[in-house]
Each structure stands twice: as structure tokens, then as C-alpha cells.
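J.: Not my notes, these are from Swiss-Prot:
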- 1-22: signal peptide (SIGNAL)
- ASN138: N-linked glycosylation site (CARBOHYD)
- ASN181: N-linked glycosylation site (CARBOHYD)
- ASN186: N-linked glycosylation site (CARBOHYD)
- ASN232: N-linked glycosylation site (CARBOHYD)
- ASN312: N-linked glycosylation site (CARBOHYD)
- ASN346: N-linked glycosylation site (CARBOHYD)
- ASN412: GPI-anchor amidated asparagine (LIPID)
Amino acid sequence: MDVDQLILFVFVCCLSSRFADAYDPVDPNGNIIINWDFQSIENVYTVMVSVHNHQLYRHIEQPGWRLSWRWAGNEIIWGMTGAEATEQGDCHRIRGATRPHCCEKQPVIVDLPPGTPYNNQVSSCCRGGVLSSLTQNNRTSTAAFQMVVGGFRRATYHDGDRGPALPSRFGVGVPGYSCSNATKVNATSSERFLLPRARAPCAVTWQVTCTYSQFMEAASPTCCVSLSSFYNSTIVPCPRCSCGCPRSPTAPQCISEGEKPELPAGDGEAVAPVFRCTDHMCPVRVHWHVKISYREYWRVKVTITNYNQVKNYSDWNLVVQHPNLRSLTQLFSFNYQPLIEYGTLNDTGMFWGIQYYNEMMLQDGNVQTEMILKKDKSDFTFSGGWAFPRRVYFDGHECVMPPPDQYPLLPNGGPDSRVSAAQLIASSCLLLPFIFLIM
């Protein structure tokens, strides 16, 4: 293999790993869909743009989505309801008494804040760009806005129809997401996004699909897991340098216990992340504690700690994979919904806070719950680390787990009583010949 072939091979491997990382086994069909539903197409066109979060557990938090695209020609946004462009652009070439809303070749559109006047709203708008996950609240997992566009040229679509030329280079302005090109699909109805005074049918629909990759969002993880149990005094901490090393040049600023972070001078000034100094340097830690074993049940305590000193996590969620979740009997202080159910398989569930109680995890704070699970006689055991989760995700990010060989062991390093009994019988059988020889 020559040098050129080797370089090509390495490039293909890296490219393949990047696309493989975009696949999510917990939510394989999760994505964000952007629809452009055209209500009229004449000299100008009126279109309802809707953003649908079809992800089971990933949500879009503040500062929210920032939808962008590149026009095919010299399009002009004359008016917009339910959102606004961040820049008006150069509109000097436009003559007339009416000023356009935006003349940018590549506009960036943001949602309006809550409390926007009624006459500048459409349904599902004005939440500051925040989108809930489907599991937490499917009613707030969609955003929409309406705009009037002129100066467009017509083009022929793949099905032979003619209409406005398709834009390109779509983005949602949220780290980790990449978007496809727009395609013409079967017309959908946009009536549910309109206020009663402005209902209209949909003539043509464009659609864009955006997918998430944790590899694209961050170079390092953002959460880690620690473990403990009632049967072992050892507390297994998050692996060292899980999200970065304390004294690394690329590590965010950290402060010791009792110190206060420096706040920005102005309200609009961006706040750099400031963490509490730890060996793992993760902004979030999830601690799983096996608390009590009853005759037919066992109890687990989960604590989520926010080490970020300048950020609150609103509408947070936690996804856990464990085979005994199918037998979850009682849960305290959190909401819960199974995510993966195939026949008898039900090993992945999502936890999130209760509204007005703990749906927001405050900076340098924590939230916690306890759950009671029924022991399944077919596979329940405390040996081999079975009682600890297989995977943990916080706010859509997979957390770093400790190595399995560091999990808390049963007393004397032994397995559970059933295995110990088997070992005792086997040992006795091996000793029998020696006993007979002695006799």
C-alpha cells in the first residue's frame, strides 16, 4: 500500500467513524425536522416555517435555536411573524416606502421571547428558542414562524413541478447538529400553527432533516458517573480527567470550595464556564448508590450534582440503561418514562424533574431521587457489578463510567451467596479423593 492509498484509507475510516457516531441506539430515529409550508405563491410568497424536535430525550435549551440558510437568488424577507432576523442587512437596493425585514443573503432567524404581543405571534412561537424533547413535553417540542418573501426566482423540482428555488446550507445554530439540503415533499397542513384569524391551506412543502452527533458538539464529555453501595465502604469516583484535567491549558476555569466566581459586568455579556475544581473536571456528576436490599425489592438513590458555578440546567433529563428498570415499582421526586420497549425488553428509561419543584437544577446545586425495584429472580444479583447502570446520559450527552473492575465488590471480594454455595460444593468434591486417601 503506497502513501496515497494509506492517506485515503485513514480518511475513509475517520469519515466512517464520524457518521457512525451520529447513530444513537437509544433513539435511532431521533432528529429535528424543519418544514416550509407555502400558503400562497404569487409575486411574493407566504410560508409557515416550523421546527419539530423528534428526539426522545434531547432538547434545545437556552440560548435556543438559530435557524439559518442561504438563499438561491436575491430573495428578500418583507415581513415576519413569530420570529425575527438577527440582522437586517444591506437593503439600499430596495426602493419604496416599505422597508424589508431582512435583505441578508444568509439570514439568521431567532425565536421571539415569551410575552411577545399577540399581533406578532403564531401558534407554537415565542419561547426563546427552547424546544422540549418528545418525552418531556410534546406540546412544546415544536416552534413556528411565518414570513413573506419576495425577489425569488422559480426553479423546476425533481417531480417536474415549478416553484421558488430551494435555499441551501441550512443550520439550526445548535452545536452538534448538521442539516440536509431542502427537498420538496408531499404538502402538509400548517393550519395548527396559525392563529384563528389567519387560517390558510398549504400549497407546497419543503423539508430539511437535522441530525445530532456528540462527536461534532464537543471534543470531550460533559458528565461522569460515580458509584457506591451499602455492601462496600468504597466509593468509586468518576474516572480522573473524565472531561478534562484540572491543570490542563484547555480546561475551563475552576474554583475551590468556598470561592465565588467572577460575574460579568453587563447583563448581555457572555459568561464563560466556571466549574468547581475536581479530579474529573465535569460540569455534571451522576452518583448511583445501591442503598438497601429487601427480601423481594432493592433500593437505589441517584444524585445529580451541578459543578457549574454560573449555569442552571432547566428542563434537565437523565437517561439510564439497566436491565431491572422493567421492574421499577416506585419512584420519588422525579418523573419517569420507559424509552425502549421491544417485547419483554425494557431496559432504558428517562428521568426528569417535576414542574415547579425540581425541573431546574441550580448552579452548584443538585437534585436527587430514590427508586424501588422488584428483584427479578431470573437474573438479579449483586455480583459482577450487575446492580450498576450500563449507560448514563445527562441532557443528551453520554457520561463517562468507571471501569468495571473498579465497581464496589461484595464482602471479601466474593460474589453473591448463590455462587459462593456452588464454589463450596465444587471445592468439597475436589477434596473428597484426598479425604479417602487419608482414611
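Every residue gets a Cβ built from N, Cα and C, even glycine.
Mind mapping these onto the model and telling me what they sit next to?
T.: Shown in sequence order, SER132 are the residues of the chain, 6+ apart in sequence, with a C-beta less than 8 angstroms from the C-beta of ASN138 (N-linked glycosylation site).
Counting every protein chain shown, the Cβ of ASN181 (N-linked glycosylation site) has 12 other Cβ atoms within 10 Å.
ASN186 (N-linked glycosylation site) counts 7 other C-beta atoms within 10 Å of its own C-beta, drawing on all protein chains shown.
Counting every protein chain shown, the Cβ of ASN232 (N-linked glycosylation site) has 17 other Cβ atoms within 10 Å. Following the DSSP three-state reduction, the secondary structure of ASN232 (N-linked glycosylation site) is strand.
ASN312 (N-linked glycosylation site) carries neither a helix nor a strand DSSP state and counts as coil.
Following the DSSP three-state reduction, the secondary structure of ASN346 (N-linked glycosylation site) is strand.
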J.: Would you mind reading off the Cα separation of ASN346 (N-linked glycosylation site) from ASN312 (N-linked glycosylation site), to the nearest angstrom?
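T.: ASN346 (N-linked glycosylation site) and ASN312 (N-linked glycosylation site) have their Cα atoms 31 Å apart.
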J.: Within 10 angstroms of the C-beta of ASN312 (N-linked glycosylation site), what count of other C-beta atoms is obtained when all protein chains are considered?
T.: 15
J.: Which state, by DSSP, holds ASN138 (N-linked glycosylation site): helix, strand or coil?
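T.: DSSP call for ASN138 (N-linked glycosylation site): helix.
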